[in-house]
Structure formats: structure tokens, C-alpha cells
Amino acid sequence: MPRAGRRRGKLRWSNLYSFSCVRPSVLESEGPHSLQGPGFSRVVYCNQPKMHKTKPIKYPSNYISTTKYNIITFLPKAIFEQFRRVANLYFLLAAMLSLTPVAPFTAVSMIVPLAFVVGLSMAKEALEDWRRFIQDMKVNSRKVSVHKGEGSFGYKSWQKLRVGDVVKVEKDQFFPADLLLLSSSYEDGICYVETMNLDGETNLKVKRALEVTLPLDEDTAFKNFVATIRCEDPNPKLYTFVGNLEFDRQVYALDPAQILIRDSKLRNTAFVYGVVIFTGHDTKVMQNSTKSPSKRSMIEKKMDYIIYVLFTLLVLISLISSIGFAVKTKFDMPNWWYMRPDKPQNLYDPSKPSLSGIFHLITALILYGYLIPISLYVSIEVVKVLQAMFINQDIQMYDEDTGNPAQARTSNLNEQLGQVDTILSDKTGTLTCNQMDFLKCSIAGVSYGVGSSEVEIAAAKQMAMDLNSKSLDITNQSNRNSWENVANHQFSTSEIEMQPGTPFKSEKVKKPPIRGFNFEDDRLMNGNWLIESNANGILMFFRILAICQSAIPEPNEETGRFNYEAESPDEGSFLVAAREFGFEFCRRTQTSVFIREQYPSYSQPVEREYKILNLLEFSSKRKRMSVIVQVEDGQIFLFCKGADSIIFDRLAKNGRMYEEVTSKHLNEYGEAGLRTLALAYKKLEESEYSVWNSEFVKAKTTIGPDRDALLERVADVMEKDLILVGATAVEDKLQKGVPQCIDKLAQAGLKIWVLTGDKMETAINIGFACSLLRQGMKQISITTMNTELLGQDANKAVKDNILLQITNSSQMVKLEKDPHAAFALIIDGKTLSYALEDDLKHQFLNLAVDCASVICCRVSPKQKALVTRLVKEGTGKTTLAIGDGANDVGMIQEADIGVGISGVEGMQAVMASDFSIAQFRFLERLLVVHGHWCYKRIAQMVCYFFYKNIAFGLTLFYFEAYTGFSGQSVYDDWYMLLFNVILTSLPVISLGVFEQDVSSDVCLQFPALYQQGPRNVFFDWYRIFGWMTNGLYSSLITFFFSINIFYDQAFRSDGQTPDMSSVGAAMFTCVIWTVNLQIALTISHFTWIQHLFIWGSIATWYIFLFLYGVASPLISGRSYKILIEALAPAPIYWAATLLITLACNLPYLAHISFQRSFNPMDHHVIQEIKYYKKDVEDAHMWTRESSKARQKTKIGFTARVDAKIRLLRGRLQKKYSSLGTPTAQLQQQQQNLVSS
């Protein structure tokens, strides 16, 4: 009687898969299967976790931590991180020196700002790390059922698991560690596992236990269970495992089929029992966790050089000050009786002027430290975090279908989004949907499927456009109107929304769409194939579709049909197609699949059983998949599907009947942008199969690194002498809005490269659909020679040939005289492996940069990363890589900016990325809008920061020089303390967060504005030194005007002149007004927040001055009641403030007025148009200006239209020249054409 909870299906998967485990012969303890040597030292005592608590087999606990810090390491590590910054290190030294007698300020004024800035940064680090800690604790605190002894199980938290523990995992739970599967709720010990967290794949994987452990299927069975596992050491390889299980004095081979990896999930299985092999950071998923590479934006890197410039200036003026002090000490000090030169000190000893100068150098370095903005880094971090929040909350980048918003996973690179030069994009799942629709097929030499792919629809539109243009007659108004219709249609339908697969017969009634199936051809539908002349071939084709797969059917209660958990979207579309053709895969057991066939009668389905004898799995290396099945009458067949190049090489002589015509169909399908596979079969004799199967079983039981190669050789023997049946063609649909996005990015001046693993024909035709390629574009294809015809120096000959192709192509591009000529470079992975070598890569890059489009086909993940590195390092410009799969992680991490798409292929690309979006089309807004804004905001913010610190800091130098290099500060310590922290911080933050030179709509209408970023218009050295010069000018005006106004003028009503504290407060008031008015003149887009921060900062100064003055004299010192009694009653104070503020800002006002009037930038013109509402009053002018505001590009729909207009103009010129038409009339007709 079966135990409760067990499933009765006799699922014996161990008979099927290439990597299944069959019980080998019993081995002696010293036998050949024992694992010895480095890398295979792990010993696990099953059900005896206490034995792993002592060395030499003491293994880590299952506690995991992804935090950077802990309670002990936070302070030292966080402080070290903060003082790695040059500016912070300088201020730390200055704060330490402020405790000495040479300091010009009190220690508080130096220590408090530093503590505030460093403390804020550390608090941010702590908050981010706390969030990681909370996430870790949620994982570590999960519960799992663990064997406690005597056959009883109880729940423990994950972090308390130990190596050797026996655990029971239930349906829809995650595996807490890397486990060896012992048994499951299925009688044959299989289970279904979802590995989305590991590889992003949503399809279920099948795992199966060894037959010897199947009796361990209930709690009490583990009462006396003891076994030993000897296996490989911890490593990051997810798909390999080598080990032995020693149980009942026998040794059994282990492989990946028995390993359940941490963070994968148990699905469609009630429970499993397993023993813990790897815990915590030894698990494969944690071994794979790598730190993201450290990336810094170009502006941040340039900031370091500006800091060095300012530090050089600081040292220079400090040296001038110390030399001046030494001279004064030597020559003037003896005459200053009030300084008591008869009792000198080391700080000013006339007999030792050099020593006094050295001490004064330290004083000066502290005094002029305000040249270096201490709060710059903190302000930038705050601004970037707020910018990232706006990106995350942009509703225009929210995908309603998936519910995924855009996400700035790091805020360090916001401004870099506005400086991108080259985009390197994946194709499948990025430009395309990764949704496969079965569209066409070729069976026994006959092509079926009358629907059209998106590429074919786009090509048909282009052909219609060509035909219309040939018959265009400008003198006939109706013909001109037809051109208008075609041109307008080009734009209105550029976003290809037409349902692919719809025949061109307009009277055809549309059927409700079926996901994965877009096939239309009555010859195969509704059983009509039974009357076709090649019905037997069609029957074999349908059966291969339905049987040659490893999917799992799941009943859908809503539709009454089955959903398929397939290894790939292609396989899922094949099963849907088979179902629609009348061959529904409905059930799978351990040894069989069941197909509900509408054959021989379409109206009376029959469920047939096909016994699965072996399954040879698909891999990227094999590029094929096969199953060996036994049909109901006992015959044995091998069904195979794979890449056409692989299948055709394995055909028998009598199996090539349809090879030529099928090859023709495959080329046609490839030209239509479809993905193709070839289908074949082979009939086996029972004796032939038995001999092969014994070799196959022997290969499966082999232990060691040669096992996979041995299995491959045995499988290769079987997969020969095949008979070709036909081929499939599925469409990987373009994502919504991809053509428009590419067009807009091209108009913004961005270069786009496509790196794909697809074959060349498919990639080229997707390129046409996206308008990366177009008719008339000259294609340069770099290929390799046939090495079989070469001798020993084949490698050198191939490289020489590739170099010759590159050289000739480069010469052709350079000699091209037509300015409108466009070139596209197309290269495959094999050729690319040579082109990326050191002696060829620079020539290859130079050619690629000169081409309008670059498409790299059949490239590996490593090659994607290498190409990205080549472009990044070779051009020195900003690169952005975008992809959605695990194979894109390398290039995403290698690029300056990595963008992950949260698509069907999972989340690995997103986890490795800097920014994530749900659709490729959102890249347009991310770059053209947010990138442009963030770049300009950060650039203006940093420039302004240096301006205000120079304007303030140099006044200290002037006063010190004015007072005989005495080291005296004109300002109160509290003024200087509050300058960067309170009085000028919020306005500059509002500039970095809210500034907009133009609105988001205008950014998209005028994409050429984006080029201000790549050209670095707002942060080049000319502009940086311009702002520094402005700061220098403001400091000179502020100081010398203040000194000359207040030096000998009556300040109070009784005629008294101001003291130093009054002069300092008045001068500081002028600085506050000047720098805040300057930022008001800089801002283009005002909100109430900017007004509040700017005018509120000025008001805060007066409020502080009042409160500070009314405080006790012990606190306020010389500033006691300074505002009430000294400054406020003095008209000269208010007049001087107004005069100096205007004098400091008038040059900048004159500069921007002159620039806007005589040499305006692009955004100046747009701002004026918008301000005077000319875009509303004169819509035609606005359209004309926006059409001109794009970079000259040779890709995209706009380039296609421009090329067509040039072609028509040439035809018109030729036509009217032959007719003798006056030039003026011809120009008028051309103008009408363009305006249409």
C-alpha cells in the first residue's frame, strides 16, 4: 500500500537525461571513483552535523551577510572610506592643527563642519548598510524543517543549519543551502525546481535522486541514516558537480542532477528530503556573488583635478603669505614696540624669521582652507540621491504590462547619462520581446505560412514607397498628394503595430490571438493536412514538434488547455503550434509522454503514449536536442531538432531529398528576420539501440572531468545519418517603440552597435526593421577564410586576410566622396575573435567608428564584454551597454554605464546594472531627458560651488595681506562655520535637483540638445576657469570696495568709524548677497522651492546675526548686538551691500545678455520661443525649428526619409533638366515636395 502523500506516477527520469545517474558497480574504498587531489577535499558526514564543528572539517555556518560593515568594523572602515578623499584628508589635518597655537580660528570652527560633513556621509553609508542587514536577517531568519534525531523533525532558522543536516523542504519554499536530493514526494525521487534567482530562467528544471536513497521517503526513515559524501570544494560553477555518495558500503556517483542549489525554489512537488553539502558563503550562489565594479563619472574624475588646482592655489598664496610674514617679522617687528620684540616668541621672532615663516605657513594653510569646498561631496551625494528618486518616480518610464518602473540602482552615474557617445545593445529580449511566435514552416520541401513578419511588413512599406516614387509627377497635384500620403504613412506607422502574420487579403477575418502561435495557412489547419500529397512527412513533422522537448505541461483551469513550462520560448511556441495542428502534449510520466492526436480522424482525438528511452539535452555547444522514443508498435525512432548548419552536416545520403529547397526556405525565413531550426529523424533497429545504450550508460556512470566529453562522443555517434523532415521559423517580435527610440537616439547624435548571438541573416533583418540598416546603405562584411584549405600557418593567413579586408574597407570609406553615403559594418563572432587581438583591434575599431551602424553576430558573452572594453578604452568616450540576460552581464559591467532590462530572461542583467528599465524604448527618455538634465545640473552645481568658495576664500587672503600677513581673519569663526553648511548649501542643492533649461517635451522635440553633454559644453576647462575668474573678480570687488567704503567713513551717528567686527560682518553680508544673487541669475527654471531656498538663505543670515548678537557676550564676543546697534542703524551698511552686490553680478549679467543676443546657445533660442509663446502663435515655425534641431544621422526612420527625399530631388533635377524647366520653378516644386 503506498504511503500517504506519495504520487503514483512512475516517473523514472534517471533513464532519460544525458546527465542522469545510474548505479555503477560496487567499488572498493581504494577504487578509481574516489576523489583525491586539490579541489576535491570536502567530506560531509550525513545526518551527523556535530562532526563538522572541529578542524580539519570545520565548515562555515549558514549565516550569510552582504553588508560592508558590522558593529566592530563600521567606524574604522567608514572613517577610512571618508578620508580616502583628498579634500576630507586635508580638512582633517587642518582640524588637528587648529588645536595648536598657530591656528587662526578656534578649533570648533574647523572641527564642526568636518564632523558634520563626514558624519552625514557616514550616516548615509550606515543607512544603506542597515537596509542590507535587514534584508540579510529576513533571509537568515527563514524557517526550514530539520532532522533533530530519532526520526523527528522540527523547524530551525536558516542561519542555524550546519553541513550534514537532513532537511525537509516543502512546495514553493526556497532551498536554504546547497543540498543533495535524497527523495521526494514522487515515488521515483524527481522534483521540479525553479532557478529564476540563479539564471533568470522561468522554466522548471527536473532534479532526481539516486535510486539507492529513494526509501528515505518519510521522517522516521532517517532515524538510523548514516552516509558520507566526498565531493568537490566550494566553487562558483552552477552547472557542474562531481562527487561520490558512500552508503551501505557502496559508492555512488553524484552529479548536478542531484544537487539543489540555494535560492532556487521547489515547485510542483509536495516535499523533498535533502542533506546539506554547502552552507553560507560556501554555497554556489554566494560564490557567484561578485562586487560590482567601481564606476565614476567623468565629472567626478574631473573634480579631482579641480581640487588639485585649488590646492595648488592654496599652497601658492600660503607661501606668499608666509614669505610676507617672514619679511615683516625681520624688518618691521623690531619697530613694533607693542609686540614686545624684546621678549620674542617662536611665532614672531625677529632673529629667526625663517622659523616664524614656517609656523605662519601652517596658519595660512588653515586660514585659506575655504578655497576647497568641504561640503561639495555631501551636497553632490544629496543631489544625486534626489535625482535618482525623480528617475524612479517618472511615470513616463513605468511599464503597465509588467508593473516595473525605471530604477536608478546607483546614483553615482546620473550625470554620465547625459554624456553617452556609443550604445552597445543586445538584440534578443532588448530590441526584441523574447516572445516567440510560430509563423512559418517548411515540410518536405513545401513552405507553409502566409503571414508576414514585422520585417516583411516594413519591407513592403518601403517597396510601396519606392513604387510610388517612380511614378511621381510633380506637375500632377494628385500624384503629389499620394507622395504626401506615403510620407505621412512612413511616420505614422513607424511604430509597427500591425499584427504580424496577417495575410495581405483584406477580407480575411482575424482570429483571436494565441500567444506563441501566429501561423495562418489553411493547408495545415483544421485537419486539412491529411489531404496533402506529403501527409506522411507532415505527420512526422508534427510528432517531432510535440515529442522532441523537455517541457512540463500544466493544466490551465481557465482555458481548459495546457500551459507549458519549457526550456526556452522557442520550445514553448513549438508545443503551442503542435497543439493547434492537432497534436497536443498533455501528460508526462517518468518513461513516457502522452500526445492527444487528432489523427487519423481530426474529429476524434486519440491519446497515444510514446516511451522516452533517452533524452540528449540541448546545449550552446551542441546546438541540437534529440530524444529516442519507442512508439506503440514497438519501433524506435530518434527525433532531432537543431541549427540548420548542424543538422545538414548529419544527414544521410538518402535523407537529403529536401535539403536544397529547405535551405532556400531557411534563407527566406532568415531574410524575414525569423529564427529557424531544422527537424530530422532516424529509425533505429532494436539491436543497434541496445549496443549504443550500453555505451551511453557506461559513459553516464563515468566519474571525472572527461565525463561530459565522453557523453558528447557517444551522443555524436547516434545523431548521424538523419533524414531531413523540414524546418521551423519563429518570430522574435520587436519591442514596442524600438524604431522610434533608435531614431530619436540617432538624432541625438548617439552611435548604436548591436551585439547578438543570432546568426547574421537574422541580425541583419532585425537591423532593417529597426532602421539601423536601410536600402542604399553599403554593407561591409568582414569574414574569415576557409581554414581547411590552408596549411600549417592557417592562423596567420586568416589574420592577414582579415587585416586586408579591414584596410580595404577603411580605404573605401575614406575615399567616399558622397557626404550622404552610409556604411554598415557586419562581423561574426569567429572573425571577431581575430579582430579583437592586440595587433588588429585598433584598425577594427577605426573602421567601426567610421561606419554608421555596427552589427556583431554570433558573439559570446565574453566577446560582448571585450568589444565594450575596446570601444570604451579606444575612443575614450562614454559607453552604455544595455541587455536583459545573463549573457549580457559582462558588457553591462564593463561599460561606463550598464542598463538592464527587466524582461523574460530574468533579473541577472538588472542585478548587475547601474540603471534598470522595463523596455528599450524608455532608454530614450532616460538619456535625452534625465541624462541631459542631470549632466547640466551637476556641471552647473560644481562650477558654482567653486565660484562661491573662491569668492569667499580669497577675501581672507586679501585681508591677511592688508594687515601685514598677520594671520588675522576678518570674519567671526561662526560666520565661516555656517557659510558652506547652512547659508549657501540649500540654494545649490535646489539648482542640482530642480533646474531645467528646457522641459522634458522640448528635450524630446529637440534631441540635438543632448550633444551638449558628450561635447562637455558645461564642464570644459574654459567654463570652469570662467567661473573661477568670476569668483576672483567678486572677491576683489567685495574686499576692496568694503575696505575703501568703511576705512575712514563715519559709520555711526556720532561719527565713529567701524571696527573690525563691523567691517567683517558687512563684508560677509555682501558675500552672502552676491553668491545667492549669482545662483538666481544662473537658474532657468524657478519653482517656489528655489525662491524659498535662495531668499530664505539671505534671511537666515540676518536672523542668525540678530540671534547671535543678542546672545551673551561670552558667546557672541565682539559681535554683541552687532546688527541692532551697529549695522542696522547705519545707512552706509545697506548702501554698500547694494552697491557691492550689483558690482559683483553686473559682469555676469552683461555676459549672458550679450550671449543671448548675439551668440545664443540652442537652449537659449528655445527658451525665448517658449517665453514669448511663439510655439503656440506660429506652429509652423516651431515645427521647422524642431526638425532642424537634430544631429545629422545616417540611421533611423528619419535618415530613411531624408535619403528618399534626396533620391526624389535627384530624379526631379534630372527630369526637369531634360524638359528645360526654369530653375525657379524647379526650386519651388522641390520646396513643395520637402514641405509635404
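Just so it is clear, glycine is given a Cβ too, placed from its N, Cα and C backbone atoms.
Caution: TrEMBL annotation is automatic and unverified by curators.
Since the structure is predicted, the reported quantities are computational estimates derived from the model, not experimental observations.
The transmembrane segment annotation in TrEMBL covers 110-127 (among others).
Taken from TrEMBL, the feature transmembrane segment applies to 305-327 (among others).
The annotation transmembrane segment is assigned in TrEMBL to 358-380 (among others).
Summarising the annotation, TrEMBL assigns active site, 4-aspartylphosphate intermediate to D426.
Cβ contacts within 10 Å of D426 (active site, 4-aspartylphosphate intermediate), excluding its own Cβ and spanning all protein chains shown: 27. According to TrEMBL, the feature Mg(2+) binding site maps to D426, T428, D884, D888.
The annotation domain 'P-type ATPase C-terminal' is assigned in TrEMBL to 910-1160.
Within its own chain, the transmembrane segment (945-962) is flanked in space by residues 306, 310, 317, 320-321, 324, 364, 367-373, 376, 379, 968-971, 979-980, 984, 988, 1024, 1027-1028, 1030-1032, 1034-1036, 1038-1040, 1043, 1067, 1071, 1074-1075, 1078, 1144, which lie at least six positions past its ends and keep a Cβ under 8 Å from the stretch. What TrEMBL records for 945-962 (among others) is transmembrane segment.
Long-range Cβ contacts of the transmembrane segment (974-994) within its own chain (Cβ-Cβ under 8 Å, at least 6 residues beyond either end) map to 105, 108-109, 112-113, 116-117, 370, 373-375, 379-380, 382-383, 386-387, 390, 937-938, 940-941, 944-945, 948-949, 952, 1064-1065, 1068, 1071-1072, 1075-1076, 1079, 1082-1083, 1085, 1087, 1089-1090, 1093-1094, 1096-1097, 1100-1101, 1104, 1108. Feature annotation from TrEMBL assigns transmembrane segment to 974-994 (among others).
Within its own chain, the transmembrane segment (1024-1047) is flanked in space by residues 306, 943-944, 946-955, 958-959, 962, 1057-1058, 1062-1063, 1066-1067, 1070-1071, 1074-1075, 1078, 1132, 1136, 1139-1140, 1143-1144, 1147-1148, which lie at least six positions past its ends and keep a Cβ under 8 Å from the stretch. What TrEMBL records for 1024-1047 (among others) is transmembrane segment.
According to TrEMBL, the feature transmembrane segment maps to 1062-1080 (among others).
Annotated transmembrane segment per TrEMBL: 1092-1111 (among others), in sequence order.
Look at TrEMBL and you will find 1131-1150 (among others) tagged as transmembrane segment.
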Note to self: I need the CA-to-CA distance for D888 (Mg(2+) binding site) versus D426 (active site, 4-aspartylphosphate intermediate), whole Å please.
What the structure shows: 7
Next item on the list: Taking only the Cα atoms, work out how far D426 (active site, 4-aspartylphosphate intermediate) lies from D884 (Mg(2+) binding site), in Å, as a whole number.
Entry: 8
Note to self: So if I draw a 10 Å sphere around the Cβ of D888 (Mg(2+) binding site), how many other Cβ atoms end up inside it?
What the structure shows: 31
Notebook entry, point to check: So which residues does the transmembrane segment (358-380) touch in its own chain, when a touch means Cβ under 8 Å and the partner is 6 or more beyond its ends?
Noted result: 85, 87-88, 90-91, 94, 97-98, 100, 102-105, 110, 113-114, 117, 120-121, 303, 307, 310-311, 313-315, 317-319, 321-322, 325-326, 346-347, 938, 941-942, 945-946, 948-950, 952-954, 956-957, 960, 965, 967, 969, 976, 979-981, 985, 988-989, 992
Notebook entry, point to check: Just how many other Cβ atoms lie inside 10 Å of the Cβ on D884 (Mg(2+) binding site)?
Noted result: 31
Next item on the list: Take every residue in the domain 'P-type ATPase C-terminal' (910-1160), average their pLDDT values, and give the whole-number result.
Entry: 88
